[in-house]
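What Swiss-Prot records for 22-42, 48-68, 89-109, 128-148, 163-183, 200-220, 254-274, 285-305, 340-360, 364-384, 411-431, 437-457 is transmembrane segment, and it gives sequence analysis as the kind of evidence.
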Amino acid sequence: MNSAHNKNETTFQRSMKSRHLFMLSLGGVIGTGLFLSSGYTIQQAGPAGTILAYLVGAGIVYLVMLCLGELSVAMPVTGAFHTYAAKYIGPGTGFTVAWLYWLTWTVALGSEFTAAGLLMQRWFPHTSVWMWSAVFALFIFLLNAFSVKFFAESEFWFSSIKVLAIVLFILLGGSAMFGIIPIKGGEAAPMLSNFTAEGGLFPNGFVPILMTMLSVNFAFSGTELIGIAAGESVDPDKTIPKAIKTTVWRLSLFFVGTIFVLSGLIPIQDAGVIKSPFVAVFDRVGVPYAADIMNFVILTAILSAANSGLYASSRMLWSLSKEKTLHPTFAKLTSKGTPFNALVFSMIGGILSLLSSVFAPDTVYVVLVSISGFAVVVVWMGIAASQFMFRKRYIEAGNKVTDLKYRTPLYPFVPIAAFLLCLASVVGIAFDPNQRIALYCGVPFMAICYAIYYVKNRKSQPAADMTHSK
């Protein structure tokens, strides 16, 4: 199995550097949720509660990324955690993880193309949403189809715009909070008064904080893209650890800093009803054309997430095909090293998702969105379990841990803690009426994936043959 991978990996272009991996991960994580939904989160959990939830979420994702780092450096293959799960947990689990992750991103593609079309109507009110959706879908497809280097460079600049907007927001908003720069209209600097007003730091108690933690895990989804890109990165033993370290701490800074400034400048009773809290803050500090600037930033955020999503979903199909669990046509690469057939199929999936949001928004689309939200945490659990089993079998095979170029620290505590914390998030979904449907849809979908795999492969070689140590 390893030899097959190594033979094929030479056909992929190892073009991604550490800066590309870092921005690819940011591109998948920082989406419209931070720019549009953060005010609602603050209203539900309170200022301190939201910050606490994001800090805990960052801790969980850091544990998961430590596990992914060891796996990705030891086995830098395109497909990443699908391949690891198939090898170290079981082929049925690998198959299920791959389809869960593919569905997550293809569902996101549909909603992102629709949202991009709606945003363009601010500047072109008499044009069709669907025209813009088609234009952006073609644009994203071409970025991915041309070459890996072209994709990585475009994602770097997409993500750079988002990061610049967040950094400016934190600097300008923080300065206005503490009176360093004036607030429009001569209003006094609020300092930290909004943190203690309207019920204090935790105005709604601790239960809403727990519910916020569940959604915060989903907010951090996308960091695992670093693992998928391992097979196409330069010097993965150096670039992956560096990308993981910078991604997690900077994401934590961006998320927590944003929530801190929003909480300081927008009273909690207003936070949940403001359409775009970023626009509200930029407007208060006197930034001209704040609404248009943020419309552009959110548009790039959407296109960045779509760009990352099409990349991730196509690589999952390629990996499934290389593992002989999907038709071999999806493993074919162009002369530039891109899986064109997998890209086309993933784009079709995104378009079907878009159509379901139009023609069956309360049935098919709700089910798809629910499964995709549930899938992220399940994939993280798979990463933690894979690393636990990898290290165990690595040692059993007589290898030395010191020979690993990147080692997950505090083994086995880190993978066990990551797995249990993710499991707690999944269990917690059952107690939130708004998210419970994710379990009702996600668990049956997993069962169907397992059933399909074992029906198709009941005559294939035993799973034990696929779990030999590296």
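Note that Cβ sites are derived from N, Cα and C of the backbone, with glycine treated the same way.
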Establish whether the number of Cβ pairs under 8 Å between the transmembrane segment (128-148) and the transmembrane segment (340-360) reaches at least three, counting only pairs separated by 6 or more residues. yes
Leading contact stretch, 22-42, 163-183, 340-360, 364-384 vs the transmembrane segment (411-431) - CB distance under 8 Å: 364-384
Let me check one thing: do the transmembrane segment (254-274) and the transmembrane segment (89-109) come into contact, meaning three or more Cβ pairs under 8 Å with sequence separation of at least 6? no
Report yes or no: does the transmembrane segment (48-68) come within contact of the transmembrane segment (340-360), defined as 3 or more CB pairs under 8 Å with a sequence separation of 6 or more? no
